[in-house]
Amino acid sequence: MLTHIGNTKTLVNENSISSASKGRATRIWKLVIWGLLVTGVCLRIYHYLVNRSLWLDEIYLASSLVNMDLLDLIFSDLEYQQKAPLGFLLMCKLTVVLFGGSEMALRLFPLLCGLASLYIFRIVCGRYLQLPGVAVAVAIFAFAPPLVYHTVEIKQYSAELLASVLCLYLYLVYHKKRNFRSLMLWGVWGALIIWFSFSSIFILAGMAIGVSLYHLFRRDWKSVMRLSFPFVLWAISFGVNYLIITSKHTDSAWLIHYFKIRNGFMPFPPSSLRDFLWPIRKGVNRLIRFPLGLLWEGGSQFGLLGYFLKTPIIPILCIVSGLITFFKRDRQTLLVLLLPYVLVVGASAAELYPMYERLTVFLAPLFILIIALGSEQIIQILRSVSRRGAYVFPLLLLLAPFWATAKQMVYPELLGGYKKAYYREALLYINSQFKEGDTVYVYWNMLTPYWFYRKTHGLAFQAKEGQDFRAVSNNSPDYFARLTPELEALKKSKRVWVLYSKNRGSKIGEFEKRPAWYYKEVVGGKKLHQKFSAMGTEVSSYETPELKVSLFQMQTE
């Protein structure tokens, strides 16, 4: 009897210790998750406050937000052949009305979208993942450099990311409910999201098809009928949006060519096994790099490890593991996560939607959930073999975004890569040293940034705007012969500022690399610079990889 009591006390003590240990582990994981979340918020706010110059694509869209009123934004075509959802445009215009046309005002709504998506995504993860998996998912979302970048860019991709996260959240809230009020709310919220995100139709359509197929296979006709109500509302909203807005923005031949030469479209019909495997070989591999940022982009600092991290082996292992686990646990959600990607691949094959870089940002939450669940399963397997391996594996998965983000904190100009621009700095450099009697000559390929910053920053000078003679010229000598009178007229001034882009040879709406002679002989600005050097002496300059500002003291005759 006493022995039995003693054994019972021992068992109770062991259970208490085990329970306390689990509780402590839970608290630690929650602290880690919140730490990652707060760090992700701080990263985005930091890069927002850096307040870098707009790059050209941002200026194309921002010009409409600054120059057009609300009615024009709704009923007129945007400047520079731009496309953006109406809801996004109106919210960005509101910030311009309230705070002016500065870079920070223009980027405020994308920032808010990025912060909201980060927080709501944590809630979504909590439904599907255990705490270690939530930590992995939040870490990828918080630290992936492309997701950080698009949060502080005046383009619609941060809003589209938020739209995807909201669609997943609404699915969690409503997909098991069958009462009219819940289904109405699901339908209305989804219908509203479409007006803020073009790409949300892939998420919502994939969701509708996945949920319907799941219940059809189960012969649950009642659920199929009831759930069709919100899906019909989404379809109506998309139809109205398409007729009023999207149909005006059908892609032009030049834009299709732009993405085609970048392999943004799946080859169709596929003519080889390589083409047939394009959605995996090209599509998934691209997504792992961008927008998930899980491939090593650094140099050789880590030797063999760095080379290993340049391959997608670990992310692909996680994807396979995640797909298998979802198939076993929740096939309906597996359909909801996979079908949007299938629809995007189909649209890509039809050359209706390119799978390229920023246009795939909205897919990030779906793949992060799959990867995080897969990593969770692999961690559990490793824990039974090697506790150290269970810790090392997620660190290897996350090392690339952690390292890249750390570098971008120290060197913020690295954020966005080639999208880092210095238009504002170049124009303000001229503005700060401009003297009465100076002439500023802006070459044709820098006029768009000049027009934008002249309006938003009140530049002190009125530039001489260079003409574009490419279309009427047959070759480089002919081009410069036509340009010479324009340059000769600048000799009347004692000092002439020259601003040109060194790598831009086309305007928006034009086919790239045409005319070929211009790209071969003129792009780079060397010959243009030689023309000015023949007319005067360069006394000051400001140069970046993309542009150059030169001040010439003109020769007196």
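Each Cβ is built from the backbone N, Cα and C atoms, and glycine gets one as well.
Per TrEMBL, domain 'Glycosyltransferase RgtA/B/C/D-like' is recorded for 84-237. As annotated by TrEMBL, transmembrane segment applies to 31-49, 84-101, 108-124, 130-150, 157-174, 186-215, 227-245, 304-327, 334-356, 362-382, 389-406.
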Sequence-distant residues near the transmembrane segment (362-382) by C-beta distance (under 8 Å, 6 or more away from its ends) are 117, 121, 124-125, 128-130, 132-134, 136-137, 140-141, 144, 147, 157, 160-161, 163-165, 168, 197, 199-200, 202-203, 287, 291-292, 294, 315, 317-326, 337-338, 340-341, 344, 389-390, 393-394, 397
The mean pLDDT across the domain 'Glycosyltransferase RgtA/B/C/D-like' (84-237) is 98
Two-stretch contact, the transmembrane segment (84-101) and the transmembrane segment (31-49), at least three Cβ pairs under 8 Å: no
Stretch winning on C-beta pairs under 8 A with the transmembrane segment (304-327) (pool: 31-49, 108-124, 186-215, 334-356) is 334-356
Counting Cβ pairs closer than 8 Å to the transmembrane segment (130-150), the top stretch among 31-49, 186-215, 334-356 is 31-49
Given the transmembrane segment (334-356), its same-chain partners at Cβ distance under 8 Å and 6+ residues beyond its ends are 168, 171, 202-203, 205-207, 209-211, 213-214, 251, 256, 259-260, 262, 264-268, 279, 282-283, 286, 323, 326-327, 363, 366-367, 369-370
In the same chain, residues at least 6 away from the ends of the transmembrane segment (389-406) whose Cβ sits under 8 Å of its Cβ atoms read 43, 132, 135-136, 139-140, 143-145, 148, 292-298, 309, 314-315, 318, 371, 375, 378-380, 382-383
Comparing 108-124, 157-174, 186-215 for Cβ pairs under 8 Å with the transmembrane segment (227-245), the winner is 186-215
